[in-house]
Amino acid sequence: MLLSKHDYASLFGPTIGDSVRLADTELWIRIEKDFTVYGEEVKFGGGKVIRDGMGQGQMSSKDCVDLVLTNAVILDYWGIIKADIGINNGRISGIGKAGNPDVQPNVTISIGPGTEIIAAEGKIVTAGGIDAHVHFICPQQVEEALCSGITTFIGGGTGPATGSNATTCTPGPWFISRMLQVADTLPINIGVTGKGSASFPDALEEQIIAGAIGLKVHEDWGATPAAIDCCLNVADRFDIQVSMHTDTLNESGFVEDTLSAIKGRTVHAYHTEGAGGGHSPDIIRMCGFSNVLPSSTNPTMPYTVNTIDEHLDMMMICHNLNPNLPEDMAFSESRIRRETIAAEDVLHDLGALSMISSDSQAMGRVGEVILRTWQTAHKMKQQRGSLLGDATRYDDNVRVKRYIAKYTINPAITHGISHEVGSVEIGKLADLVLWSPVFFGVKPELIIKGGMIISSVMGDPNASIPTPQPVHYRLMFGARGKAKHATRMTFLSQVAYNSELTDYLKLVSLIGEVRHCRNIQKKHMINNSWQPVIEVDSQTYQVRANGELLTCEPASVLPMSQRYFLF
């Protein structure tokens with residue numbers, strides 16, 4: 001007997017050809033393929049399939065997986081599909097059909113007595129997000145980010161020091177060692193970036209040897225051509241990434257001078273629009289070069305009626321400026337331009353800007369990377385219509401795959417960790433986020449880290465069931481005790497990874513090495529590799545890409561906002 005579409009979806013979730021709305025946006029995803037077998041779907045519960053001799057076989061743990069997410073809709077840069085997900089030893093081991101191969105056909109993921117189940121029927125599963133622009137100002141950022149769906153931090157800092165409030169630099173071997181020891185205790189993947197503003201290499205090299213996975217050149221420490229060249233020379237020798245926040249005041253040169261100093265070498269250009277910093281008014285031109293991997297930070301995303309007003313105060317606090325000094329006011333005002341902020345939304349939609357990050361507590365919000373990414377995608381669909389390849393009103397797969405890559409696979413590629421994290425693919429760390437479609441991008445249901453639930457929406461612990469109020473996010477068993485060391489990863493430079501650093505610092509978490517940072521280009525930014533010729537009018541600040549004016553109106557209303565947040 002065939003089930004009706006409605007009955008089937010209510011039991012097993014949507015299948016091939018079905019469309020799912022994302023939160024209260026105008027974005028829809030359409031299922032492209034279904035790996036589950038009709039009539040042989042596995043489902044856990046009373047009177048359901050995953051029982052001894054039925055959907056559960058007799059095999060021992062070596063022949064079955066530790067965890068299965070059943071009937072999930074996987075949303076990733078490579079596709080939007082329906083499948084079961086198998087996890088073994090904290091890593092994704094299978095994407096396909098789960099069940100008992102003794103009695104069911106086409107089983108690729110075996111369920112046994114040693115298998116746990118997470119019911120993902122009607123749910124969306126994405127890779128844990130990667131925030132590649134984090135100021136380590138307070139450790140409480142970690143829980144805030146986890147509860148939004150972020151599972152990896154890349155950045156620098158030492159706490160609420162003045163330098164860390166402004167720059168993502170953990171300066172020097174001593175501070176890098178301390179921050180690596182702190183990272184070992186936090187339930188999130190972390191890679192630390194050192195200070196790259198120096199004209200001689202010795203002080204940079206010792207930071208990489210101490211474990212830094214990258215270096216940050218920042219105008220507040222000095223972003224001169226000499227410092228840029230020196231930093232990139234060191235990066236090329238050690239295969240690490242250079243993140244760059246260039247010279248807003250154009251004191252030591254203009255954007256052309258910075259590009260000349262870079263000499264075609266790969267850089268990660270932070271907040272490429274410029275409100276977060278960089279050559280005024282035309283730093284946005286850098287997103288058109290093959291060696292520049294451009295990103296945005298979330299306070300300008302998307303462009304709204306409130307964006308301009310809130311930036312001045314943020315600038316004063318984060319960069320230790322004085323509103324009573326005319327030159328400090330001029331510095332701030334030179335960075336806040338309606339025209340380039342408006343163009344930023346469009347450049348993201350066209351795939352010219354490749355990544356989105358937070359700039360946490362330093363002109364950015366650590367818990368809103370994912371939220372603001374999808375708000376921007378919605379705003380662009382409203383203002384610009386469907387993208388080429390999105391066939392119908394209920395199919396935004398091209399746009400959705402473009403935007404999810406901005407905070408998952410592309411920052412992973414940029415910083416040399418895509419072999420470990422950044423996508424829902426076999427062999428990678430099982431950092432997964434489970435969403436109810438109505439809460440997609442806003443409030444995840446479960447955050448899985450290294451194969452174990454690390455954070456979840458949870459009701460009163462004294463209640464008879466898990467759901468009574470007060471319901472809020474709570475850290476779970478995966479975030480506690482020694483379990484957190486088996487489910488999180490600290491990333492190190494190759495030279496540190498191959499040394500005795502982990503023993504010296506007594507690090508006990510999983511350790512990953514960064515690799516292939518220097519041989520990547522814009523063309524490797526998945527679904528976000530467009531390289532237009534960008535021109536910025538120095539008087540009006542209007543932005544053109546290949547001669548076409550790029551602009552959009554500020555939003556006065558956004559989805560994924562007050563409807564979901566009472567306070």
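Each Cβ is built from the backbone N, Cα and C atoms, and glycine gets one as well.
Note that the structure is predicted; figures quoted are calculated from it, not measured.
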Listed alongside HIS133, HIS135, LYS216 for Ni(2+) 1 in Swiss-Prot, from ASP345, ASP349, ASP359, ASP390, is ASP359
If you measure from the Cα of ASP359 (Ni(2+) 1 binding site), which of the recorded positions HIS218, HIS245, HIS271, HIS319 is the nearest? HIS271
What's the CA to CA span in angstrom from HIS271 (Ni(2+) 2 binding site) over to HIS135 (Ni(2+) 1 binding site)? 14
How does the model score the domain 'Urease' (128-567) in terms of mean pLDDT? 96
In sequence order, what residues of the same chain, 6+ apart, have a Cβ less than 8 Å from the Cβ of HIS218 (substrate binding site)? ALA166, THR167, THR168, CYS169, LYS195, GLY196, SER197, HIS245, GLY277
Quick note, HIS135 (Ni(2+) 1 binding site) and HIS319 (active site, proton donor): C-alpha atoms separated, nearest Å, by 13
Within 10 Å of the Cβ of HIS245 (Ni(2+) 2 binding site), how many other Cβ atoms can you find? Include all protein chains, please. 25
